[in-house]
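> Okay, here's the structure, questions in a sec.
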Amino acid sequence: MPEVKSDIEIARAARKQPIMEIGAKLGIPPEHLLPYGHDKAKVSAEFIAAQKTNGNGRLILVTAINPTPAGEGKTTTTVGLGDGLNRIGKKTIVCIREASLGPCFGIKGGAAGGGYAQVVPMEDINLHFTGDFHAITSAHNLLAALIDNHIYWGNEQAIDIRRIAWRRVMDMNDRALRQIIGSLGGVANGYPRETGFDITVASEVMAILCLAADIRDLEKRLGNIIIGYRRDKSPVYARDIKADGAMAVLLKDAMQPNLVQTLENNPAFVHGGPFANIAHGCNSVVATTTALKLADYVVTEAGFGADLGAEKFFDIKCRKAGLKPDAAVVVATVRAIKMNGGVKKDDLGKENLEALRKGCANLGRHVQNVKKFGVPVLVAINHFTSDTEAEIQAIKDYVRTLGSEAVLCRHWAEGSAGIEELAHKVVDLANAGHSQFSPLYPDDMPLFHKIETIAKDIYHASEVIADKLVRDQLRTWEDQGYGHLPICMAKTQYSFSTDPNLRGAPSGHAVPIREVRLAAGAGFVVVITGEIMTMPGLPKVPSSEKIRLNEAGYIEGLF
């Protein structure tokens, strides 16, 4: 049996083209590519603005079933499908998110795909890349510093220090920083107060960068951030302490999309990186809309399962950016479906048709949920060597009962050649005119009813549990003019419920709301459910333990 190469070995052996050549394929002149080395570049804001009058290509969303430790390969399928479409002669750009350092050194892994369906340079993308996350972290923490400084020098805006809503962020998993006391050590250090850190991908600044149309829209949204409240409970905005201009300066370059390439030298935008369990889980609007102006097809992903990423892609990103997806692909694996059917991880390599059929309920619900938005669906079965013909056929037969089609894909092992069939079917579906996209709920629906709609229609919950404080807060925001905003649910990615251990397709459960936060700059209301954390912790054995530099100075153990 031939040796199976690791992702990093495959990526390191890639024959990359100079990034200027990748840009030339899209008609981007060299003077509008801002290079970071030879294999990555930012696309200038001037070039992007000049493409506004171009027509749009077809937009394809890649989503998945609920993630399991067995792995689904959503990013791998996104990249593979992009290569597959280019292989059959369709000019295609892949749009994915940047990786966060926290999960890279924690448990989740990287964001560059896998096997022979990756974007490169993989090591750079998974580590510091072009510095976007540093810029976002800096802009966020500048605002935090300015808030404390404003209070220290007299508090002209009369901010109630008990009601400051802005925490600090860092791009790392660190549970020790979730709740802290700041400004200790005496009068010279300010007013002691309780605060804390979130991970950078949960920052409202990250969401703003990913939803802003251009730099002016970015600055306006930054100014709209609510940093806290006065004693009369009126909001204080970032613009009130004159923070928005300096924050925009820090984000000027980060606002421009990053161009890289796949292993097969096809263009990919990697830009922005909000998580889908604690944020809206989509790459930047600027990257997606620019790609639509430059290509016939754009393949993008939304984080975690369709209950989180796809719902937010449709209800937040598409609603705010005026996007209309033409088709969706739900990624599933035999192994993950069996795990949703009750099989333990160590037994996933054994054929188990009974558990597979039981676990298909999870896949079926995701397919039906996507269809609720009026978007036609295909299922991609991401192939593993342990899959049996009977198991693959059982999934195909089940998906057929849903009125959709499942296609076996071998892109991890074979690259674009292994996903040609799906590429052809995506083209046919996207061009058939079946998409009748519509968000799940209207803008004018009351905020709590929007939450109930998501919980009941997408999660199949029977009720939403919220105390009087939460309901009153939602009504206050409606009175202040924020009732039109969409909802961003913060929920475990492992289940349709708020219990991460409840696999399959549970129904009739309750969704408890722990907290609500107004992201006025980003333009949505965050609803925190269950035990979800906006600052993750590291696992008992973090991935960092395997990462090192070898004798030749190359990185080992990254993936």
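Heads up, residue numbers simply count up from 1 along the chain you see.
Using the three backbone atoms N, Cα and C, a Cβ is placed for every residue, glycine included.
Okay, so Swiss-Prot annotates it like this:
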BINDING   Thr68, Pro69, Ala70, Gly71, Glu72, Gly73, Lys74, Thr75  ATP binding site
> Here are some binding-site residues: Thr68, Thr75. Which one has the most Cβ atoms within 10 Å of its Cβ?
Thr75
> For the binding-site residues Pro69, Gly73, which one has its C-beta crowded by the most other C-beta atoms within 10 angstroms?
Gly73
> Within its own chain, what residues at least 6 apart in sequence put their Cβ under 8 Å from the Cβ of Lys74 (ATP binding site), listed in sequence order?
Val62, Thr63, Ala64, Glu301, Val331
> Take the Cβ of Glu72 (ATP binding site) and count every other Cβ within 10 Å, whichever protein chain it belongs to.
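Looking across every protein chain shown, the total is 24.
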